[in-house]
Structure formats: C-alpha cells, structure tokens
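Notes follow the structure.
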Amino acid sequence: MNVGPAGFYNAPVTKGIVLICGLVSVLVGTQGGARVCSLSYQVLSVVQKLELWRLVTSPCVFSSTPELLFGLYLVYFFRVFERQIGSNKYLVFLLFSTAFTTILEVVTLAAFRGISLTPGPYGLIFASFVPFFFDIPISTRFKVFGAHFSDKSFVYLAGLQLLLSSWKRSLVPGICGMIAGFIYKSNVLRIRRAKFPEGLAAATAQLFSPFMSGVSSPSTNGRANASREATNAAPPDQAFQNRFVATEPPLSALLPPPEESVSTLVAMGFIREDALQALAIARNDMATATNFLLESQVR
C-alpha cells in the first residue's frame with residue numbers, strides 16, 4: 001500500500017522513534033538486557049526500589065529480532081499519520097498512547113500477578129491501528145486461493161504477527177495500545193487538540209535537527225525551493241495544484257475519477273474539487289490521492 005513519499009519526508013518524529021528503538025534494541029539485545037527492561041509483576045515494587053527508569057526504557061526496546069523487524073516496519077508505515085496531523089500533534093499522540101498503555105499494563109500486572117510483558121513501543125503501534133482501520137480507505141482488492149484480501153491486509157498481518165509474537169506477553173500490551181488508540185480517537189478531554197507550545201517545539205526541533213534532518217542532494221533542494229516559492233506566490237487554487245505538480249507531472253488524458261472514490265474523499269472531509277484534482281494526478285489511485293491531500297494539509 002502506498003503511503004506517500006518514501007523515506008522520512010515530513011516525519012521527523014517517526015525517524016527519531018525508528019533510530020532510538022533500533023539502536024537501543026540492538027545495543028541492549030547484544031548485552032542480554034531486554035528482559036531487564038521488560039515489565040513484570042515485580043514492577044509494583046519499582047517505586048520502593050526507585051527503578052522508575054523501567055517505565056521509560058520498556059517502550060524503547062524490542063526483545064527479539066522478529067519483533068524488532070515487524071515493529072519498526074509498522075512504525076515506519078504509520079508515518080502517514082504524522083504527515084496528516086503534523087509532527088507537533090503526532091508527538092502528543094506518541095506520548096499519550098505510550099503513557100496510557102503503560103498505565104494499563106501496570107494495572108494488568110497488579111491484577112494478574114506472575115506474568116511479565118514484552119517490551120517495545122506497542123502502545124504507539126497498536127494505537128495507530130485505530131485510525132488506520134477507520135481513516136485509511138482500501139484502494140485495491142484481490143483474491144488468493146479464493147480468499148479475499150486488500151492492500152491493507154499485509155499491514156494487519158504484520159500487526160497480528162507482532163501481537164502474537166510472545167503470546168500473552170505481547171497480547172496484553174497490544175490490547176492496551178488499541179484501547180489507548182480508541183481513547184485518543186474518541187477525543188476524550190479534547191486530547192486531539194493538544195499541542196506542545198510553539199517555542200518548546202521549535203527549541204526541541206533545533207536541538208535534535210542534526211540527528212533528525214535528512215540529507216538531500218542539491219538538485220532535490222533546488223526543486224523543493226522552487227516549488228515552495230511557486231506555491232507561496234500563487235493563489236490558493238493554483239498553490240494546491242503546484243503541490244501536486246511538484247510530486248507528479250499532470251496527465252493530458254485520463255478517464256474521469258470514479259464517483260465512489262470522490263465520495264469517499266469528500267466523506268473524509270476534503271473539498272470535492274480538491275478530491276477530483278488529486279484523483280486526476282494520482283491516476284485514480286485512491287491511496288495515492290489520499291496521501292496527496294494529506295500532504296497538502298500538513299504544508
């Protein structure tokens with residue numbers, strides 16, 4: 001399934017998560033310390049032993065290579081949501097889903113002693129499955145040996161593999177993460193409107209910019225600057241078109257977009273004229289058109 005431009009374009013928070021979780025998991029795993037970072041019923045004595053660091057390190061470490069591969073793939077795939085709502089709000093989503101999942105895990109450990117939970121960013125990953133299920137449309141359907149699949153099926157299969165990778169140890173964090181995702185989507189206490197102060201966000205971005213910013217070729221930077229200048233100088237309608245032109249050249253001859261696809265995009269909150277133009281540029285590919293529209297909202 002196409003989720004927009006490749007790489008970490010407009011997704012610095014996702015890039016940071018992948019780098020931190022990947023490096024920490026490799027370093028800790030080589031030292032055999034993944035089990036030390038996991039949560040168990042012993043976490044109830046964390047406060048007494050002043051081992052609060054366990055609550056912070058647990059979401060950053062994968063306990064096995066398969067979990068690391070599937071987990072980082074899903075984190076990278078869900079970068080589309082950072083592009084949709086912006087890095088500031090996505091960071092709030094990250095902190096909320098991780099903190100709420102950790103609280104639910106501690107409550108579960110208190111209720112069912114004798115179990116342990118696998119570490120990793122399960123809160124963020126499985127909370128992201130909630131908007132993925134409700135907000136990302138299916139663009140392709142196909143059959144394999146009589147079974148019906150869609151372009152979203154592979155993401156669900158990767159999530160199922162991660163969810164059941166350690167049975168109860170991974171099942172509980174996954175369910176807690178999905179609960180956190182539903183709470184966020186329900187906008188309890190207007191959490192979806194929460195943002196970090198612009199000054200704090202700017203200072204943080206400047207502090208971590210050497211690690212978060214990607215390296216682009218001069219030609220790429222030149223095209224991006226030219227596109228940005230053209231967008232800023234053009235009227236609103238022309239600016240919207242320039243965003244698409246900078247990504248994909250216009251087509252001279254194309255069949256009219258299916259009305260069903262247009263209605264789906266309008267139902268997602270996009271303007272009908274913008275939906276028609278995005279589908280035209282995307283060659284009537286629903287997923288690509290959706291990502292074009294999401295990208296235009298972020299910029």
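Including glycine, each Cβ sits where the backbone N, Cα and C put it.
Per TrEMBL, the features are:
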type	residues	note
DOMAIN	256-296	domain 'UBA'
TRANSMEM	12-32	transmembrane segment
TRANSMEM	52-78	transmembrane segment
TRANSMEM	90-115	transmembrane segment
Can you tell me which parts of the same chain pack against the transmembrane segment (52-78), counting only residues 6+ beyond its ends and a CB-CB cutoff under 8 A?
3, 14, 17-18, 20-22, 24-26, 28-29, 33-35, 37-39, 43, 46, 98, 101-102, 106, 117-125, 128, 132, 155, 158-159, 161-162, 165-166, 170
Chain residues in Cβ proximity to the transmembrane segment (90-115) (below 8 Å; excluding those fewer than six residues from its ends, i.e. six or more beyond):
13-14, 17, 39-41, 43-44, 55, 58-59, 81-82, 121-124, 127-128, 168-169, 172-173, 176-177, 179-181, 183-184, 191, 194-196, 201
Per-residue pLDDT averaged over the domain 'UBA' (256-296) comes to what?
79
List the helix, strand and coil residue totals of the domain 'UBA' (256-296) as derived from DSSP.
30 helix, 0 strand, 11 coil
